[in-house]
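Participant: One structure, as structure tokens, below. Some questions next.
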Amino acid sequence: MSAEQPTIIYTLTDEAPLLATYAFLPIVRAFAEPAGIKIEASDISVAARILAEFPDYLTEEQRVPDNLAELGRLTQLPDTNIIKLPNISASVPQLVAAIKELQDKGYAVPDYPADPKTDQEKAIKERYARCLGSAVNPVLRQGNSDRRAPKAVKEYARKHPHSMGEWSMASRTHVAHMRHGDFYAGEKSMTLDRARNVRMELLAKSGKTIVLKPEVPLDDGDVIDSMFMSKKALCDFYEEQMQDAFETGVMFSLHVKATMMKVSHPIVFGHAVRIFYKDAFAKHQELFDDLGVNVNNGLSDLYSKIESLPASQRDEIIEDLHRCHEHRPELAMVDSARGISNFHSPSDVIVDASMPAMIRAGGKMYGADGKLKDTKAVNPESTFSRIYQEIINFCKTNGQFDPTTMGTVPNVGLMAQQAEEYGSHDKTFEIPEDGVANIVDVATGEVLLTENVEAGDIWRMCIVKDAPIRDWVKLAVTRARISGMPVLFWLDPYRPHENELIKKVKTYLKDHDTEGLDIQIMSQVRSMRYTCERLVRGLDTIAATGNILRDYLTDLFPILELGTSAKMLSVVPLMAGGGMYETGAGGSAPKHVKQLVEENHLRWDSLGEFLALGAGFEDIGIKTGNERAKLLGKTLDAAIGKLLDNDKSPSRKTGELDNRGSQFYLAMYWAQELAAQTDDQQLAEHFASLADVLTKNEDVIVRELTEVQGEPVDIGGYYAPDSDMTTAVMRPSKTFNAALEAVQG
């Protein structure tokens, strides 16, 4: 990328956002071209990442570049500008489905070896591990996070409030978390006084030393943590909570983050399934072992593995599983109509999305009968689950929040360089036997941190670098100064890791002019209470948080304030000087794809993409002096405001305006704004004809976009849809397509 040709890299991802991109990219290119801005697409879908991982299994024509690695390299350059859409954080079942689809399309990628026996199978599984979970974000997020609700979006939510369930003081909904034996209880932390190489090893009681991670390079000033979760304590906790829910008649729900925490949380999830169905597992364990059943991947794995059994044997197992429900609590459902429960797949119920949805619904989730019910929300790890209990307490006492009057909670998140738990996957292990787990200096043999562990415990090491902490503090002060809002650092002095952070935050705040700013440090629970008390009075508070709370709170507060987290402006000021603009935080919406394929209606709202693009143009304008880029950003913001005021967002209902119609209206309003502005006459003239054609043909174009709805469509794949077929589905208006081509001609 050069100063002469500023470039915006627009990521091609998965599911609903990918489908929307087929319609939106031609619009973006038509508007960016006159400003001399190049729009480059980069495919980082799960399918593309699988193909990039296995070039040696493909023909020359089938090979694809490793776009994710290239984007990772570009984040280290000062002029990089990336629009990052939500992508699938693949669970094992999703990965297996993507592999099969690619194989069916003629790509000879290897099968996923769930239980590798040979060295080759182990190597293949290791390569596929790079495609699992949140594989994209740690590579691209080379900066801290600045997420906030844009003014136009907040105003719209106040004028057009979304539905909110009522909270009752009599609600039986509550959060259950471990009181001992979890990561919080077993955490140790230190700040390094010099650079070191360390290894992670287990001194087993049997006398042998097992090296789990031979080398982890560390720098001066790094904060490192050692923490473990006891398998015994976790299983006892599940048994107690299931029994309590059964006896009190409250529905049981489990909330983990198996997508991001791709090593630890599937294990945590699997233990819950085994405890719930312990009688069936006790009876059939030998058979399950022979079949390779792994309920860390959910009950769906068990059901698929027993498919090959004779009908009588299969029916007996299913009957035994059903019999377990007689003395277990009712389970929260993902899809009541299809009988899919909370335990079906670890990626179905993700804590950062499921807890806010439950709180928005007045503390209720769906039961097997399709009715909303109070629930015991089980979040085993106490470190962050207590914030949810605090907001539940607040809602029980004060009632539901009111979107028409409530304040806003922007987030400044410590995220850069795989900070904290979200960078721990390659340093997380299921302990093979009892012993002592040590983090040891490779050169000197000095034991830095040590834990007494037992077989089955989950042990992990986390790191946060010094430079991201400095940058995080700087970003928090900057946002406080620009916005005039108070900043609250959500840090618990009783948690060893966060106590180390508090020392650094206090030190680095001295590097900035904080006169007149309200900056405080409080524990998570106190921070939640303080923020809620301000929120309900219409007051705004910036939450400066670590990486996990960044993830949790940028779903929680937007869902309460705006009805969705997809409408947030998410800026990642890259530490090398570039910028990445993430489009919302609401996932990639598989149900939206289902509706498109069945009814040719895409209800995905591209507002997040619109907002990110505006910020991307503005960034180019500021950094390169490109006045037209600034104008594109300014007029796009005005068009977004008009889109919201005129209620032209997608409807959920087939036959009404969908994503394609919403994008048309954005293009029309944007062209109108550019034609009407007086800062650049040449640009105004260039877009006057487009504005005229779109305005005159509004009814025709909307009709062309809606009359195709109501019938099934074929896009030639799910994880790797056919480009031509998807383009035909997503761009059905000949009039609109011709107008865009004419303005580029």
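Note that Cβ sites are derived from N, Cα and C of the backbone, with glycine treated the same way.
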Participant: Write down the one residue from Asp348, Asp352, Asp369 that Swiss-Prot lists together with Asp551, Asp555 as binding Mg(2+).
Facilitator: Asp352
Participant: Looking at Swiss-Prot, which one out of Tyr10, Tyr422, Tyr665, Tyr669 binds D-threo-isocitrate in the same site as Ser134, Asn137, Arg141, Arg147, Lys257, Arg550?
Facilitator: Tyr422
Participant: From Arg49, Arg130, Arg652, grab the residue that Swiss-Prot records in the same NADP(+) site as Asn87, Ser89, Gly587, Ser588, Ala589, His592, Arg603, Asp605.
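Facilitator: Given Asn87, Ser89, Gly587, Ser588, Ala589, His592, Arg603, Asp605 bind NADP(+) in Swiss-Prot, the matching entry from Arg49, Arg130, Arg652 is Arg652.
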Participant: Find, among the binding-site residues listed as Asn87, Ser134, the one whose Cβ has the highest number of other Cβ atoms within 10 Å in the structure shown.
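Facilitator: In terms of Cβ crowding, the pick is Asn87.
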Participant: What subset of the binding-site residues Asn137, Arg141, Arg147, Lys257, Asp551, Asp555 lies within 10 angstroms of Asn87 (NADP(+) binding site) at the C-alpha level?
Facilitator: Asn137
Participant: For Ala589 (NADP(+) binding site), which residues in the same chain are close in space, meaning a Cβ under 8 Å from its Cβ, but six or more apart along the sequence?
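Facilitator: In sequence order, Glu15, Ala16, Pro17, Trp604 meet the Cβ cut-off.
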Participant: Please state whether DSSP places Arg603 (NADP(+) binding site) in a helix, a strand or coil.
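Facilitator: Reduced to three states, the DSSP call for Arg603 (NADP(+) binding site) is coil.
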Participant: Using the alpha carbons only, what distance in Å do you get between Arg652 (NADP(+) binding site) and Asp352 (Mg(2+) binding site) once rounded?
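Facilitator: Pair distance, Cα basis, whole Å: 23 Å.
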Participant: Taking every protein chain in this structure into account, which of the binding-site residues Arg147, Lys257, Arg550, Arg652 has the most other Cβ atoms within 10 Å of its Cβ?
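Facilitator: Comparing the binding-site residues Arg147, Lys257, Arg550, Arg652, the most crowded Cβ belongs to Lys257.
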Participant: Determine, from DSSP, whether Asp551 (Mg(2+) binding site) sits in helix, strand or coil.
Facilitator: helix
Participant: Including all protein chains shown, what's the count of other C-beta atoms within 10 A of the C-beta of Arg141 (D-threo-isocitrate binding site)?
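Facilitator: Taking all protein chains shown, Arg141 (D-threo-isocitrate binding site) has 25 Cβ neighbours within 10 Å.
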